[in-house]
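**Student:** Below are the features listed in TrEMBL for this protein:
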ACT_SITE  H69  active site, proton acceptor
BINDING   D70, V73, G75, D77  Ca(2+) 1 binding site
BINDING   P150  substrate binding site
BINDING   H180  heme b binding site
BINDING   T181, D231, D239  Ca(2+) 2 binding site
DISULFID  C38-C103  disulfide bond
DISULFID  C71-C76  disulfide bond
DISULFID  C187-C218  disulfide bond
DOMAIN    28-303  domain 'Plant heme peroxidase family profile'
SIGNAL    1-26  signal peptide
SITE      R65  site 'Transition state stabilizer'
Amino acid sequence: MEMSCFNQRVFLLTLLLPIVVILVEGQGTRVGFYSTSCPKVESIVSSTVQSHFKSDPTIAPGLLRMHFHDCFVQGCDETTPPNQLLRGYEVIDEGKTQLESVCPGVVSCANILALAARDSVVLTSGASWAVPTGRRDGTVSQSSDANNLPGFHDTVDVQKKKFADKGLNTQDLVTLVGGHTTGTAACQFFSYRLYNFTSTGADPSMNPAFVSQLQALCPQNGDGSRRIGLDNGSANKFDTSFFANLRDGKGILESDQRLWTDNSTKTFVQRFLGVRGLLGLTFNVEFGKSMVKIKNNAIYTIG
């Protein structure tokens, strides 16, 4: 009996064979990889995501984060420990079950997750993109991998280094962080910015009126698990308002707001906003390009 992606993840954690880690460019993936072996793969994944999204829209940002986290630390196959906190495992498992019934042993969890992440963006009003498929699943997951993920305290230089280590440039950094246009963050990850951040009060890079708004939602010593939209006023729609919020001092995470205060990243934020005098960038188009790039540059494991 074929294991679900989730059970496969747990199983792999208990059977760690000798591992060789390699950095690959594409690993032979291509758009339409399953056109003959499993021609309905994209429609099956899409319908599965849509079904779950109708009853729980929060799975959309969860699936997107899950894909990003895995590509960043192991190989786009949902095996990375930080993903245990995200929504959407049931979507991947159901997609896997349905695919096993029509083309057993063909489609990996890695490809299901990549397609589901794309479909999640589309369901939140973002643009679609062609997803190269054909990746194998990784065979290892380690808690230390979480250290490779960008963190909410990270300076821009640290973020740039982490992205560069994955073959991604500064534009990719700003573009992919723009994925925070959907989803939420718990108060515990940013409330420190609201109280005694400096000797005079809150983080000075924040809009004072926005600080007051967040203090009402995340009171000092309050419920740190309460979740707040990362994109103020548009947390359920994939658009450029996230960048407008950075411009206006309304970035929720410190690492996000720093994209506006650092000149090397501010230019890309401005280009996504269409600031006059700069060559504009279309967020929806660039996001798809960067998602393909991070997938193709993922670290993979072979036994």
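Note: Cβ is positioned from N, Cα and C throughout, glycine not excepted.
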**Student:** Taking the Cα atoms as reference points, how far is C71 (disulfide bond) from R65 (site 'Transition state stabilizer') in Å?
**Tutor:** 10
**Student:** In the structure shown, which of the disulfide-bonded residues C38, C71, C103, C218 has the fewest Cβ neighbours within 10 Å?
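**Tutor:** If we count Cβ atoms within 10 Å for the disulfide-bonded residues C38, C71, C103, C218, the smallest count is at C103.
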**Student:** What are the other residues, in sequence order, whose C-beta lies within 8 angstroms of the center of the C-beta atoms of T181, D231, D239 at the Ca(2+) 2 site?
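**Tutor:** Same chain, not in T181, D231, D239, Cβ within 8 Å: G178, H180, T182, S234, A235, K237, F238, T240, S241, F242.
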**Student:** Let me check the 10 A CB neighbour count of T181 (Ca(2+) 2 binding site). How many other CB atoms are there?
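**Tutor:** 28, counting other Cβ atoms within 10 Å of T181 (Ca(2+) 2 binding site).
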**Student:** Looking at the recorded positions H69, D70, H180, C218, whose Cα is closest in space to that of D239 (Ca(2+) 2 binding site)?
**Tutor:** H180
**Student:** Tell me the Cβ neighbour count for D239 (Ca(2+) 2 binding site), meaning other Cβ atoms within 10 Å of its Cβ, over all protein chains shown.
**Tutor:** 17
**Student:** What subset of the recorded positions R65, D70, C103, H180 lies within 10 angstroms of D231 (Ca(2+) 2 binding site), using C-alpha positions?
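**Tutor:** So the list reads H180.
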